[in-house]
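According to TrEMBL, the protein has these features:
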- 1-20: region 'Disordered' (REGION)
- 57-77: transmembrane segment (TRANSMEM)
- 59-465: domain 'Major facilitator superfamily (MFS) profile' (DOMAIN)
- 97-118: transmembrane segment (TRANSMEM)
- 125-143: transmembrane segment (TRANSMEM)
- 226-245: transmembrane segment (TRANSMEM)
- 279-301: transmembrane segment (TRANSMEM)
- 321-342: transmembrane segment (TRANSMEM)
- 349-368: transmembrane segment (TRANSMEM)
- 380-400: transmembrane segment (TRANSMEM)
- 412-430: transmembrane segment (TRANSMEM)
- 442-462: transmembrane segment (TRANSMEM)
Amino acid sequence: MGIPFLSKAQEPSLDDIHAQQERRPSAAEAIAADRQRKSVSDKKVTGASQITVRQSIVPVSLVTILFFLWGFAYGLLDVLNSRFQTALNITQGQSSGLQGAYFGAYFIGPLTYSGWFVRRFGYRYTFMLGLSIYCVGALMFWPSAVKRSFAGFCGSMFIVGSGLSTLETSANPYIAVCGPPRWSEFRLELAQSFQAVGSVVAPVLASYVIFKNIGEDGKSLESVQWVYLGIAAFVGLLAVVFYFSPIPEVTDADMADQAEMTQAETGYVDKPLSKQYTLFWGVAAQFSYVGAQVAIAGYFINYYTQARPDLNVKIAQKQGANFYAIAQALFAIGRFAAAFLMWFTKPRWILLVFQTAIMVFISLAIAISGPKDGANWSGLSMLMMVLFFESCIFPTIFTLSIRGLGRHTKRGASFIVSSICGGAVVPAILGNVADIIGTRKAMVVPLSFFIIAWSFPIYLNLFKGKELDAYRESKVGLEDHQPEKSTALTMDEASLEKGEGIETSQCEVSPMRSL
């Protein structure tokens, strides 16, 4: 029978998909079906593979709210990291336990319950599940603050991370697939721009509202209790809203249908999941990139504090939170700028340029030491530029990694979301290295992981350009588009067509039927 979490039984086969293409449902039917609020089998072609831009506006806008929500939670995490060092008398290495708990949940959830849940019950109910788990985790911050327990905070953060990882397992692929494939990268980049806005708002509120009254010794945690109580109330209400929202389901059968239509001219090859090498390279790149990004964000305030030897620690931490907000604003601006560029330029080119710029600026942030007794403004500005160019990396790696997965889209998306657990690994390494050699020099740790992530856009541009460009040029989901006849090949059929063991004329292929 196998383990339900890891079972492939829910995935459709090509035969399942082709049997339904004699009369393919329209996108309008897929939109209308969302009113039933019933879970849809992943083996059913609903017609959602052809949703137009106009039809996708409402569901995509609703899901974009979730991106702001976890951007806010992520922004608070980075401030809590430095705040707990003072309030609970812990080291930089110990404070990384928050990142470890938060991002450790990303490794467990997508590969087990949330990955299975989205395939079994669909996107709508996965959104509700993630919000409910997030609500429970936020409520747990109250007793943790009362007991002043760092272990309790880590446990609460693990539950919060479990909820948010469940949301990411559903929201990221949903934004990517809900609408014409031509604009997939643009949609996710734009939606995640609002996540970046949440990351800007959180440290500003933390500096001027949440941690404004922290006591003379800076050790009060009362404000933390009330902030997370408010978050719990909001996400609980949002879970109810999503039950009544128009969220058309996009199944793996729909994605296989869309992949065949998109690659009608080049010839779509259906590969088993184990042979989706671009996906696995993307998982490794995402693990490395997210780990490095989280490490830099988590220790930005520490970098600022050590770059300002002319200030006492309390003042430097408060100013550091302000400068971190500016850096996050640059991050948000970078995402909007990248989204704008993706409307005109190939995403694989943008990914390569932005990741190359990251390598340059983080190297400068490490190399520039600044005056001995004065502010190291040059190093700080270089580190802030790193955040600007980090902006588009996560969503672009995500969308380019799931291109062409077809019937494996939801499982593949779960693997990519699970790779976010890199945020639990790299900050811990950086924190412990920083305790020994200082935060500035310790930035060589994220640099080494950025190098691994940098290999992915190089690979895409050298070897996958033609396949990716087919999606960029696709007319599927555009109002004036009618599905073409296309041909889908299994791996064995593709080998036969290349002449391996039998003449091409003897090959049988599965027809793609038009309306």
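Just so it is clear, glycine is given a Cβ too, placed from its N, Cα and C backbone atoms.
Automatic, uncurated: that is what TrEMBL annotation is.
If you take every residue in the domain 'Major facilitator superfamily (MFS) profile' (59-465) and average the pLDDT, you get 87. Here the transmembrane segment (442-462) has long-range neighbours at 278, 281-282, 284-286, 288-289, 291-293, 295-296, 299, 303, 348-349, 351-352, 355-356, 358-359, 362-363, 365-366, 383, 393, 397, 400, 422, 426, 429-430, 433-434, 436, 468, meaning same-chain residues at least 6 beyond its ends whose C-beta is under 8 angstroms from one of its own. Sequence-distant contacts of the transmembrane segment (380-400) (same chain, six or more residues past either end, CB-CB distance under 8 Å): 172, 176, 184-185, 188-189, 191-192, 196, 278, 282, 285-286, 289-290, 293, 296-297, 300, 303-304, 307, 323, 326-328, 330-335, 337-339, 347-348, 350-351, 354-355, 357-358, 361-362, 364-365, 368, 413, 416, 443, 453, 456, 460, 468.
Contact count against the transmembrane segment (125-143) (Cβ pairs under 8 Å) is highest for 226-245, out of 57-77, 226-245, 321-342. Take the transmembrane segment (412-430) and the stretches 97-118, 226-245, 279-301, 349-368: counting Cβ pairs under 8 Å, 279-301 has the most. Comparison of 226-245, 279-301, 349-368 by number of C-beta pairs under 8 angstroms to the transmembrane segment (97-118) places 279-301 first. If you look at the transmembrane segment (279-301), the same-chain residues 6 or more away from its ends with a CB under 8 A from one of its CBs are 74, 77-79, 81-82, 92, 96, 99, 103, 273, 317, 320-321, 323-324, 327, 362, 383, 386-387, 390, 393-394, 397-398, 400-402, 405, 408, 412, 415-416, 418-427, 429-431, 434, 439, 442-443, 445-447, 449-450, 452-453, 455-456, 459. With a threshold of 8 Å between CB atoms, the same-chain residues lying at least 6 positions outside the transmembrane segment (349-368) that come near it are 296, 303, 334, 338, 341-342, 376, 378-380, 382-383, 385-386, 389-393, 396-397, 400, 440-441, 443-444, 446-447, 450-451, 453-454, 456-458, 460-461.
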